[in-house]
Structures are given as structure tokens and as C-alpha cells.
Amino acid sequence: FNMGAFLSHSVLFVIRCFFVCAQKLCGTNYPVSIAFIVVNEFCERFSYYGMKAVLTLYFIHYLHWDKNLSTAVYHAFSSLCYFTPLLGAVIADSWLGKFRTVIYLSIVYVIGHVVKSVGAIPDVGDSTVHVVLSMLGLVLIAFGTGGIKPCVAAFGGDQFDEEHTEERRKFFSIFYMSINAGSVLSTIITPILRGDVKCFGGDCYALAFGVPAALMVIALVVFIAGSGLYKKSPPEGNVLVRVCKCIGFAIRNRWNNSKKSPKRSHWLDWAEEKYPKRLIQEIKMVFRVLVLYIPLPMFWALFDQQGSRWTLQATRMNMDFVMGVCFCVVKMLNALLILVFIPIFDMGVYPLIGLCRIKLTPLKKMAAGMILAALAFCAATVVEINVIPPPAKESLVQVYNLMDSEVTVQFPGHTVFSDPLKSYEVTSLQYRQTLITFYDVYTFNVFSVYITIIHYSQLFFSLFRYNGVVCKTNSDQYLIDLGLLDFGAFYTVILSKVGDRVQFLMEDIQANNIHIAWQVPQYVFITAGEVMFSITGLEFSYSQAPASMKSVLQAGWLMTVAFGNVIVLIVAEGAGMEQWTEFLLFAGLLVAVSIIFSIMAYFYTYVDPDQLDKIFREDTDDEKVESSDGKKNEAVSLTDMPKQTKM
């Protein structure tokens, strides 16, 4: 027994184990580097959603814009954030690489936040300066957040070894959870910072924007801290230019020689005379996935209505929650359910389906997610039909005669009140006029007649018990108790001191009886659909992309979100239909699209981009590769996927 040899081998074994544990989370195949990426994503999403949570209020109350302009700028900013990923992807895959692209664009991101925060300080310049700084900050933020979106997800996938596909799939689930965790916390915290903290004599928008800026700085520091642990794939050169030239050459060559030469199996094969077969194969892979992306914006057209149509539906429902639960919880219900559903699906639903010997491929999951989203809108339709809607194009005109004699009320050009109003008589009618959307007080000679003119669709109150409301006159001050003002109702308060009673409260329109809890089923369906569609699509986009174009394909996936918002604008503005029919239309469209997508998925051939290195050998001078085996030009099917026909 050689003690020296034993000790030396033992020391080497310990060092080897320490090195492995330093690279991997001990006992797993997860690299330590993904912890830095997940924390970075959490902080970045906190920064982004925290800023957006108060952005519309900032436009209206600080910049004093009207609601239409505020809404337009808000959606323009959101759209820009989903169109800029393509720029970031091209920079990452062609020049800087994913690691340096994330760092440089994160710096732009931080600068945008700082500029936005400075623009929210009242002492800095006049209103023009505030607008300029705000718009400049938003543009920088849009380029920053959009540019790093495809790079961070793809960079996280790069950290896994080729054989650890299951761990990589679960990573994208964890990655998606970090997005929603950051969204939930920021949506709670930043509105509190704006409203509860006062600075410069009003709501502290500078602090509400400054905290997200600080979180983005933390995100950048955390990402840089893991630099020594990352796998960093070098950029492949100007990939986009090579792809465009290859496609252009194939089209020209086919146009010029199609009659002289024999037909080829794919139109891109006409580029074989000039470009490597590997590049042609990679472009084919990307095109197959991009074709599958064509129907996907319809899912996002439904999903993104949570913040618009569903929110407006909620404002017309009964929100009398118990135990202090408020409307803001309903707005965050999707993000909260995501945090619950992801582990349930990963550890419960998917394994259970596997035990039933059902092969649940990624594209099947996405199709199922579409169906669930359609069911969510069917549930929203049922709720919408049962919610008592405000009368369309109608206003309520009520005249109260509190005088001791009769009063005649005349509207120029109308004869709505033909008979005089007797003393203390209340008269009301439904007056069809969309332009009457204001409160006013008319005085006829010595008689004071109070005319309340209200357009129902513009009534939005906070559910609250209004006790001890201060009412001042020229000589006295009264404290009146209005009690609970419920949603959907219209109240009239008449101040007339009779004995000890100061006010009379009348409920002219009854409150909505449909409780907002009836929205929970539609949120459950849409969230389950998001888990099956969005997370799977994120991982699918990575797994089916060649190494040189992973960020580009991630950007293509993100752009489906932008086009989904465009669909909503077209349908909402152009259709002009009732809300429940619009919900039903979207549900029907998504069912039709899911059928089309399922047919396209049936003919899709799953590929393993990592196998290209074993099949193709590229020359260093970028000339085409000579191969004697013609089968190497075909897509490489994954061994565990069912055999399918190519598109």
C-alpha cells in the first residue's frame, strides 16, 4: 500500500469534485452560471414593469396629456420594445456576441432610466424639457430592453451541454418564473412609491422611476459578476448579410437557370453553386420555424387584452372583496398564477400525460395552449353577457326643483321637459346624446336648478366607504356619511338641512351584482394556455435554431407579440361591435388559427442543430463543402421524435 500515491489521488479527486461543483450546481446538471442569468432577468423585469406601472399616470398627471395621447404613446412604447429585439439579435449574432451585447445595451438601458427619472423632477427645466427627457428616456429604454430580450434567453440556453436537453427545458420554465416574479413585485411596489411618498410637493414620480433604475444597475452588476462562469460563443460574423446574399443568389439563379437545369428539391438549393451547404441548411431550418410563427400573433392578440378589455370589464363588476383583497390583485392574477402553474405543469401535468403514453411534442403543447386561450375568451364572453353594461349612447338628465314654486327648464333646440316642474319634484329621462358628458349648474332668474348630466361609460369610482366627507358652505361646514359607494352604480346626493340630517343619498342606478370573482376562470384558462404556449415556444425557438442564429430566432418569436398588438388595434378600432361579440370573435379566430397551426405542425420535421457539426465540414475560406453522401443535405430528425413529413 503506497500512502503517498493514495494521498495524491485523493487530493486530485477532491480538486476534481470541487471544480465540477464550481461549474455545476452540486448534484445536478445545472451550471452555476444560470443563477446569475436568472437573477439578472428578475431585476431587469422588475425595472421594466415597475416603470410601466406608473407610466400612464405620469403622462396624465405630470405631463398633463389627455387620455388618448397618453394611451397612444404608451402602446407605441410597448410596440417599440418588441420590435427592437431584432436589432439586438443581429448585433449579438453578427458582431459583439451575446455576452457583450447584453452588457452594452444594459448600459443604454440604465442611461434611459436615469434620463427618465431626471425628467420627472419638477425643478429640472420647464414642461418642454420634461417631455423631451421623458421621450428620450423611453426610446433608450426601448432599445435597451428590446435589444437584450433575445440575447439573455439564448445566452442562458448556451450554458447547457448538448446532452442536457431536459435541464435546458426546465431552465426556460425557471427563466419565465423570474420574469413574472419581477412583474408582480414591481407592480405592487412602484405605485406605492409614487402615491405614498411625497416629494417636490406632489406624487414622487422621480422616486418611482429611480427605483427601477437602481434595479437595472443591480441586474447589470449581477450579470457581469458571473462572467468567469459563462460559456461564451463567439459571433459568427455578419450572419444577416450572408443570409440575405445567399437568398438573393438562390432566387436569381433559379430565375435565370430554372428552364435549363433540372429541378431541385428546395428553392434554396439553387445557391449551392456559391454558398456552403451548411449555410443553406441553416437558412432552411430558420425558414421552417418562421413559417410556423405566422399564425402565432393571434394568441398574443388575445393574451394582451388582459390589460385592456378585461380590465375595463372588471371596472363594471362588483369588487366588494373580503379580507382587504383589492382590484390590484385581480390585475396581477395572471403573474401570480404563472408562479403556481409552472411547477404544477412541470412536475405534475406533463409527467402524468407521459404516463398515459401520450407523446406531447412542443408544437402539440403550443396548439393546446391556443385552445385554452380560446376557452378563456369564451368564459369572458359569458361574464360580459351577464354584466349589466352601461346604456350605449345614452345620458341621464335629472332635474331637481328645490324651490317653492314651479320651474320651467328649456334646452336650446330641444323640448325634453315639456311640463313645468312642481316644487320638490324629481324628473328624469333617458336623453340620447353622446356629447353630454359633463356636470353643470344652470341658474334661471332667481331659481337655482341643479342639472346633473352624466355619460355612464365615463364613471369609474374606487370601491370605498366614504364617511366623514367634508362639505363647506359660506357659513358652515358639515361632515356627511355617504357609506359604501359600489361599482356600476350612480348616486345622487342632495344637501338640504332638515333637522339633524344634512344629506339625502339616492341610488339612481343599482350596483352591478356580478362579482369580479367570476373573472377568475378566464384568468385560469389564459394562464394555463400561456404556460403551454409561451414557455414552450421560447424553448422551441432556441432548440430549433442553428448556433449562428439563435438570437435572431428568439427575436422573431418576440416580434409575434408586437404583431399580436397590431391585430387588437385593427379589430378593436375597425369592427365596431359589442364587447361580448368581439370576445366571441377573437375566440373563434384563435380556434381556427390553432387548427391551421396543428396542420402545419404535423408536417414539421424536428431538427437537432447541434448535429450539423458532425455532418458538415466548412472550409475556412467559406467555400461550399463537398459531400459524397446526399443524405447529409436533409434535416436531422431527433431520435425521440415521431417521424414526420417535411414541409
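A Cβ is built for glycine as well, from the same backbone N, Cα and C atoms used for every other residue.
According to TrEMBL, the feature compositional bias 'Basic and acidic residues' maps to 625-634.
Look at TrEMBL and you will find 619-647 tagged as region 'Disordered'.
Residues or ranges marked as signal peptide in TrEMBL: 1-22.
With a cut-off of 8 Å between Cβ atoms, the residues of this chain six or more beyond the transmembrane segment (46-65) that come close are 71, 73-74, 77-78, 81, 109, 113, 116, 120, 127, 130-131, 134, 141, 145, 182-183, 185-187, 189-191, 194, 203, 205, 208-209, 211-213, 215-216, 219. Marked as transmembrane segment by TrEMBL: 46-65 (among others).
If you look up TrEMBL, you'll see 72-96 (among others) marked as transmembrane segment. Counting same-chain residues at least six beyond the ends of the transmembrane segment (72-96), those with a Cβ under 8 angstroms from any Cβ of the stretch are 48, 52, 55-56, 59, 65, 102, 104-105, 138-139, 141-143, 145-151, 154, 235-241, 548-552, 554-556, 558-559, 561-562, 565-566, 569.
The transmembrane segment feature in TrEMBL is assigned to 102-119 (among others). Only residues 6 or more beyond the boundaries of the transmembrane segment (102-119), in the same chain, are considered here, and those with a CB under 8 A from a CB of the stretch are 44, 47, 51, 88, 91-92, 96, 129-134, 136-145, 147-148, 151-152, 155, 206, 209-210, 212-213, 216-217, 219-220, 223-224.
The transmembrane segment annotation in TrEMBL covers 131-155 (among others).
TrEMBL lists 175-193 (among others) with the feature transmembrane segment.
Annotation comment: TrEMBL describes 205-227 (among others) as transmembrane segment.
For the transmembrane segment (285-302), same-chain residues at least 6 beyond its ends with a Cβ under 8 Å from one of its own Cβ atoms are 243, 268, 363, 366, 369-370, 373-374, 376-377, 526, 529, 533, 537, 540-541, 544-546, 549, 552-553, 556-557, 560-561, 563-568, 571, 586-587, 589-590, 593-594, 596-597, 600-601, 604-605, 607, 609, 635, 647. Sequence annotations record features per position, and here TrEMBL assigns transmembrane segment to 285-302 (among others).
Marked as transmembrane segment by TrEMBL: 322-345 (among others).
Per TrEMBL, transmembrane segment is recorded for 366-388 (among others).
For 447-466 (among others), the entry in TrEMBL reads transmembrane segment.
Residues of the same chain lying 6 or more positions beyond the ends of the transmembrane segment (552-572) and with a Cβ under 8 Å from any Cβ of it are 75, 78-79, 82-83, 85-86, 88-90, 93, 146, 149-151, 153-154, 239-240, 286, 289-290, 293, 296-301, 303-305, 308-309, 537-538, 541-542, 544-545, 582, 585-586. Here TrEMBL flags 552-572 (among others) as transmembrane segment.
Summarising the annotation, TrEMBL assigns transmembrane segment to 584-607 (among others).
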